[in-house]
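Some features that Swiss-Prot has for this protein:
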| type | residues | note |
| --- | --- | --- |
| DOMAIN | 6-93 | domain 'Acylphosphatase-like' |
| ACT_SITE | Arg21 | active site |
| ACT_SITE | Asn39 | active site |
Amino acid sequence: MTMKIRAIVTVKGLVQGVAFRHHTVLQGNQLRVTGWVKNLPNGDVQGCFEGDETDVQALVEWCHHGPSRARVDRVIVERKSFRGEFDTFDVRY
């Protein structure tokens with residue numbers, strides 16, 4: 001049985017204005033991960049990802065490079081207990 005996890009992910013660098021959130025949603029849906037992603041006022045992007053550990057980890061790994069126009073300088077991951085509170089993966093504003 002695969003363990004389910006939650007990860008709070010903060011991505012730093014040139015990650016706003018480059019479709020990072022849109023592509024994160026596409027990747028999340030492809031991986032069957034649920035949660036959200038949003039822009040932060042300081043220029044970072046933050047997400048909450050839930051799902052099978054291998055799928056969440058794959059999305060976190062994708063965040064280390066993001067879409068082609070992004071420049072990722074750092075990814076901070078806080079691993080949390082799975083809550084199962086999301087049915088979809090979407091952009092929050």
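Glycine residues also receive a Cβ, built from the backbone N, Cα and C atoms like all the rest.
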Around the Cβ of Arg21 (active site), the count of other Cβ atoms that are within 10 Å: 23
Asn39 (active site) to Arg21 (active site) - Cα separation in whole Å: 8
Three-state secondary structure, Asn39 (active site) (per DSSP): strand
Structural state census, the domain 'Acylphosphatase-like' (6-93) (DSSP three-state): 22 helix, 37 strand, 29 coil
Confidence summary (mean pLDDT) of the domain 'Acylphosphatase-like' (6-93): 98
Packing count at Asn39 (active site) (other Cβ atoms within 10 Å of its Cβ): 17
